[in-house]
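**Student:** Feature annotation from TrEMBL assigns compositional bias 'Acidic residues' to 49-59. The domain 'Yip1' annotation in TrEMBL covers 101-273. Residues annotated as region 'Disordered' in TrEMBL: 30-60. The transmembrane segment annotation in TrEMBL covers 120-141, 161-185, 197-222, 228-250, 257-281.
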């Protein structure tokens, strides 16, 4: 104990001598925690922006996530490389579908559902299901409209499957590709723009199309008013997901460019829905000549069917 007391007094004497030599020196007490300076932002935070920054993620949080989940990436020509894009379970897919059907105001879909593990499994099967749903529902709608007409002869239109597949998959891949390129270009000019990866954008667009699957089934109802109400309702839900996702990414850009970008996103989304409704369900009736039916008196009768 005497040695310990002498050691403490020696340390105290050294500190006293240091303060006598340099009065401006500062000491830190081991009993009181050192105050950690807070990070100062380079610009003033606007109201509500803190929540968006938290949802979109900062550079530090993104780096932390990358370092925490860093994996060895396989070469792109191997099966393991593409297997990572489908590495999701049923609960994740259902959770993302629920998030696209019931968007939460002020919540970013990418940050909330996609960024931790973007996938192509959900978008691929959603588009495939939508293709067959639109094609089959369009044929059934045409059948029910003309059901009971004696001159109508039902012929299934299998070409609608290929037309629907081309339209939907082109929209689900080419529009995200163009948007990703545009955001990358604007990111090189405006430093504050939030950038999304191409896979994240494809994932958002794929899941946003899910609402059109039940809508296409209900389009079988042969009432134009009901069909257009369903179109507007579906556009409000899926369009809100796209707006809440991409508006924070372009809002710091030029005001006109930001509004034009969001307006173009909504316009293309509306054209897809309205085009599918107009072509597959409200297509004009075409008359075609039915087979020639011989009459009893030896003459022939030609009928026209719709």
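Cβ atoms here come from the backbone N, Cα and C positions, even for glycine.
Computed from a predicted structure; not experimentally measured.
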**Student:** Using a Cβ cut-off of under 8 Å, list the residues of the same chain at least 6 residues beyond the transmembrane segment (197-222) that approach it.
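**Tutor:** Hits for the transmembrane segment (197-222): 85, 96-97, 99-101, 109-110, 114-115, 118-120, 122-124, 126-127, 129-130, 133-134, 137-138, 140-141, 144-145, 168, 171-173, 175-177, 179-180, 230-231, 233-234, 237-238, 241-242, 245, 269, 273, 276-277, 281.
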**Student:** Six or more residues out from either end of the transmembrane segment (120-141), which same-chain residues have a Cβ under 8 Å from its Cβ atoms?
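**Tutor:** 85-86, 88, 93, 96-97, 156-157, 160-161, 164-165, 168-169, 172, 199, 202-203, 205-207, 209-210, 212-213, 216-217, 219-220, 222, 276, 280-281.
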